[in-house]
Amino acid sequence: MNPFVLATLLSSLGLGTALTFASSHWLMAWMGLEINTLAIIPLMTQHHHPRAVEATTKYFLTQATAAAMILFASTTNAWMTGEWNIQQLSHPVAATTAFMALALKVGLAPVHFWLPEVIQGLDLPTGLLLSTWQKLAPFALILQVAPFADPSILTFLGIMSTLVGGWGGLNQTQLRKILAYSSIAHLGWMVLILQFAPPMTLLALLTYILMTASAFLTFNTTRSTSISVLATTWAKAPALVALASLVLLSLGGLPPLTGFMPKWLILQELTKQGLPLTATVAALTALLSLYFYLRLCYAMSLTTSPNTLPTTAPWRMTTTQSFFPLSVATTGALALLPLTPAVSALVTP
C-alpha cells in the first residue's frame, strides 16, 4: 500500500477514536465510530484475497448494523427526554439498545459470531489492529452507558462471553481464531466488573491490549497462522518461542505474570460485592481458556514437528521488521504483576 494512503488511513483511525473519546453528544460519538469503521476497511482489503474481501464485507455489515442501532437509541432517548448528551441516557429502552449495539461493535457474546470469522480472514497486523485499537472507541462509550443499563444484562453478557470465549477456542487449530475467542473471553471479564468498578475494566482492557499485541506480533514475526506451523517455530527463534509461551500463559491469567493482575482484582471485587457464585463461574471459565493456551505452549515448546530436522534450522532471509514494538509489548505482558499494590490503590473504589 502507498505510504501516503497508509498514513492517511492510520491518522483517520486516530481521529475517529479521539473524536469518540472527546464527545459528549451522541451524534459526534457516532461520527467518530463511523470514521473508525471507514478507515479500517481499506486496510482490511489491502491484500486482494477472497477471504479478506469476505471478512471485510462481514465486518462492514455488522458495524453498520451497530451504528444504526446506536443512532436509533440516541434518537429515541432525545425524543423521550429531549437530551442528546451521552451522560443523560435515562430512558431504559434507549439505554438497553445502545448497550447491545456497543456489545455488537466489540463482539461480546451472544452477538460475537462475526469476530472469529473476520479476524481469520485478515493478515496478522490488521487482525492486531482490529483486536486492540478498534475496541477503544466503543469501550469509551460502554463506560458511559453502563450506569444506565440493566445490571442483570451486564452480568449475563459477561458470563456468556467468558463461557463462549473458553468453549469456542477449544477445538480451533487456526491461531487467529484462537486469539479471537480469547478476545471474547477477556471482554467478558471487562463487562462483568463494569457495574462495580469501571477503573478495573480499563485496567483489564489495557493488560489485554498489551498481551494480545505481544501474541500477534510474535506470530507475525515467526509467520505462524496455525498450530501445525507454530510447531516448527522453535528452530527459527528459540528465545522468542520461550517468551511467547510465557505470554500465552499470561493471557490465561497465571501468576506471576501480568495477566493474573486483572483477574485477581476482578474476582476479589466480585466477592466483596457479595457475588461469590458469579466469581466462581468466571474463574472456572478461565480454565477453559487456559486449556487452549496450554495447547499452544505444548505445540510450540514441547513437541518436535515431523517436518523439521532437529539438526538444521529452516532456511530464511534476514527480517527487516522492527522488534521494538514486540519487545515493549512482551515486557508489559510478562513483568507488570509487581505493580499490583499501586494499581489496586488506583482502581479499587
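Backbone N, Cα and C atoms are what each Cβ position is placed from, and that goes for glycine too.
As the structure is a computational prediction, the values presented were derived from the model and not from experiment.
What TrEMBL annotates here:
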SIGNAL    1-18  signal peptide
DOMAIN    23-288  domain 'NADH:quinone oxidoreductase/Mrp antiporter transmembrane'
TRANSMEM  60-80  transmembrane segment
TRANSMEM  92-115  transmembrane segment
TRANSMEM  178-197  transmembrane segment
TRANSMEM  203-222  transmembrane segment
TRANSMEM  234-254  transmembrane segment
TRANSMEM  274-294  transmembrane segment
DOMAIN    290-343  domain 'NADH dehydrogenase subunit 2 C-terminal'
TRANSMEM  323-347  transmembrane segment
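If one looks beyond the transmembrane segment (203-222) by at least 6 residues along the same chain, the residues whose Cβ comes under 8 Å of a Cβ in the stretch are 124-125, 127-128, 131-132, 135-136, 139, 175, 179, 182-183, 186, 189-190, 193, 230, 233, 236-237, 240-241, 243-244, 247-248, 250-251, 258-259, 261-262, 265-266, 319, 321, 323, 325-326, 329-330, 332-333, 336, 343, 347. Summarising model confidence by region, the domain 'NADH dehydrogenase subunit 2 C-terminal' (290-343) averages a pLDDT of 78.
Beyond its flanks by at least six residues, the transmembrane segment (323-347) meets 197, 199-200, 202-203, 207, 210-211, 213-214, 217-218, 221, 243, 246-247, 250-251, 255-261, 264-265 of its own chain at Cβ-Cβ distances under 8 Å.
A Cβ distance under 8 Å defines the sequence-distant neighbours of the signal peptide (1-18), meaning residues of its chain 6+ beyond its ends; these are 32-40, 42-43, 46, 129, 133, 136-137.
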